Amino acid sequence: MKAFLTLGFLLLSVTVQAKVYSRCEFARILKRHGMDGYRGISLANWVCLAQHESGFNTKATNYNPGPRSTDYGIFQINSKYWCNNGKTPGAVNACGIPCSVLLQDDITQAIKCAKRVVRDPQGIRAWVAWRSYCQNRNLSQYVRGCRL
Ligand SMILES: *[C@@H]1O[C@H](CO)[C@@H](O)[C@H](O)[C@H]1NC(C)=O
C-alpha cells in the first residue's frame, strides 16, 4: 500500500489588528491632550472630523492618485505636507515624522501632528471631510452622552 503524503497548506492569516476607538473614548483622549478649544476648535469638531475621515480607525490609509500622496490614520493626515512615507513627490513633512507613526494604536503622535496642521492659516479647513460634514452643522451629537 502506498503511503500518501498529504501536503497541508497552512494558511497563516496574519491579521493586522486595527485599533478602532469608540466615539467617547476618542473624545476623552483628545480632551486629555488639550484638544478641546485648541486654536478655537471644539471637541465636537474633532470628533466629527475623525468620524468622517477614518471612522476612528487608527490603521485607515487612503491613496490619492493625483498627487500620489497617502492619508494616514485616525485623522487621515496627508504625506504631501505633514509626514514622510518616502514615496510622495515634493513632500514637505511639516510634522517631522514617518507617516507610519500616525497608524499607531496610541494616538499621541497623531494628535500632535493634527495640532500642527491647524496652526497653519487654513486651520481645520484642511480636512475635506470637515468641510463636507461638520462645517456649519450642529455638532452636539458627536459628544453627546460622553463622560468627558
Ligand atoms: C443642536 O441640537 C441639539 C439637539 O439635537 C439641540 O438641543 C441644540 O439646541 C442644538 N443647538 C443649536 C445651536 O441649534
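Cβ coordinates are placed from backbone N, Cα and C, and glycine is handled just like the others.
Summarising the annotation, TrEMBL assigns signal peptide to 1-18.
Annotation source TrEMBL lists domain 'Glycosyl hydrolases family 22 (GH22)' at 95-113. For the domain 'Glycosyl hydrolases family 22 (GH22)' (95-113), the model's average pLDDT works out to 98.
For the domain 'Glycosyl hydrolases family 22 (GH22)' (95-113), the list of distant contacts is 19, 21, 26, 29-30, 33, 35, 58-59, 61, 70, 72-75, 77, 79, 82-85: same-chain residues at least six beyond its ends, Cβ to Cβ under 8 Å.
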